[in-house]
Amino acid sequence: MYMEKLMRLIEMTPLLLLLFLPFVFAGHDYNQALSKSILFFEAQRSGYLPHNQRVTWRANSGLNDGKASGVDLVGGYYDAGDNVKFGLPMAFTITMMSWSIIEYGKQMGANGELGHAMEAIKWGTDYLIKAHPEPYVLYGEVGDGNSDHYCWQRPEDMTTDRHAYKIDPSNPGSDLAGETAAAMAAASIVFRRSNPAYSTELLRHAYQLFEFADKYRGKYDSSITVAQKYYRSISGYNDELLWAAAWLYQASNNEYYLNYLGKNGDSMGGTGWAMTEFGWDVKYAGVQTLVAKFLMQGKAGLHAPVFERYHQKAEYFMCSLIGKGGRNIQKTPGGLIFRQRWNNMQFVTSASFLATVYSDYLASSRGSLKCAAGNVAPSELLSFAKSQVDYILGDNPRATSYMVGYGNNFPRQVHHRASSIVSFKVDPKFVACRQGYATWYSRKASDPNVLTGAIVGGPDAYDNFADERDNYEQTEPATYNNAPLLGILARLGGGHGGYNQLLPVVVPAPNPVVAKPKPAPKPKFTPTPATSSNPITIEQKMTTSWNAKGKTYYRYSTIVTNKSYKTLKDLKLSISKLYGPLWGLSKSGNSYGLPTWLNSLPAGKSIEFVYIHSTSPADVSVSSYNLA
């Protein structure tokens, strides 16, 4: 009971374990790939483009969207190579971009891309706010896929129908409203520190949308029937209701949403569906991964038996990815996940993201993946995700990069209207509906505008790929292909794990920071100086405190640094007068050592561990070590 209370208290503090140990995966420039993958979203923008728009061959478009319906729906994203704004995949894109930042925002900040990534999210959430003008009204599509696909025009030249389609109590759409609630809730976490007023507004919309989705049940494509041909909700809406509840709990810590997951997990399929895919339609694997995280964090409470069933299904999914489950996912001869010929890459990036975060969740809880073929180390999941990203970036039988603009051999004839037609800024002469097909679509030449960062549909089941504009199954990009990739690239580019993904992480404010917070008082350090006989320093500081039931708890951060010129091995620390939980070290008998995932500490490097108790700092000293 004591530990359970402590775990709840811990959620109140921004705990983050960091290993300052540079370890860059070899072979690809993941940081460059991250920068390019974020840039792609600027090419997909609809509406009035901002002054800092970096994709300069695009111009304003869709400026009358929503006008005929008496609502402002200017902005948002075109989903793929067309000029329609589809609400369900757009919201999923925002959710996954937000999840990427929530998990790996610090790595993005180190790469200088956090600001751009947050701008990409806000471009989407600004639109979603407009699309939700009343508590029980949500606009879920602007434009019609049939008329849009009849034409091949730049967004700037659109002459196609821009009708706006909505859901309301008479025409419900629980899947659409649920996914949009998830997006708003996840994004509220992203902006909580840098823009608290905006974060609060997003959370308010998320609450309303969840209530709308849950109260008025129905599939959105039964109400917005024009979406059926393009984004049919095959899985129904139960997965989105659970998905939204999970994100609302993560954003608010409101027990109502935790209870919703516990009470409805069995009846809504959260604990029943054993999945081998995750994407804009089917969210079960994502829900199961999040609930498994809650379970590892000790938040399940009375719902632990139900949450354990979610957890088992999450592990089923992970085992299927690495070929060690009861039913394994199909792969190409070159090792790429293969689900379907049409835009297969969406499943690759989404599944790889889940593998990445689950690997870090397991490592943080010092657990292992339990598969039909035996226990698997968390690092194997991360290695799998890395193999998928490396395949995308060019490590494949064709030596083709499926990210446009990355490497030397990438798709040049992308199925994308804006990319394939001369820029409006170069030649503003109007391109008519069918003229675009005759002049530009059928042109057997490279696109005049490079769609930098776009992840195209990718190869077939045998690693074959045809770089042809009319081969839309393989050469069309999509926003939801890129969104999960942001997190994986940040993780791989940021080096070795070592940070605890189960502890609350505050997303750092991007640079430049508009509103500077008041400087915090400088913490007092209690260092152990390095000498020739003891080349290891130990610095402790109290970083936060809080009161609970008349007792004051303190969170201490301790940094151990190897000041020698050699590699530190077999470190043993003695810690006495410790009366609470500790994270970041492994315990052996009465002493503590480096965490299990770290064998040694190179010269000049540091490791941080944290602990919480209700008294003055514990006594930490070096018992033994070896220098090699």
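Note: Cβ is positioned from N, Cα and C throughout, glycine not excepted.
TrEMBL entries are annotated by machine, without manual review.
Over in TrEMBL, the protein carries these features:
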SIGNAL    1-26  signal peptide
ACT_SITE  H415  active site
ACT_SITE  D467  active site
ACT_SITE  E476  active site
DOMAIN    536-616  domain 'Carbohydrate binding'
Other C-beta atoms that fall within 10 angstroms of the C-beta of E476 (active site): 21
Secondary structure tally of the domain 'Carbohydrate binding' (536-616) (DSSP, helix then strand then coil): 0 helix, 52 strand, 29 coil
Pairwise Cα distance for E476 (active site)/D467 (active site) [Å, integer]: 10
Neighbourhood of D467 (active site), C-beta criterion under 8 angstroms, separation at least six: P411, R412, Q413, T475
Listed in sequence order, residues with CB under 8 A of H415 (active site) and six or more positions away: G81, V456, R469, D470, N471, Y472, T475, E476, P477
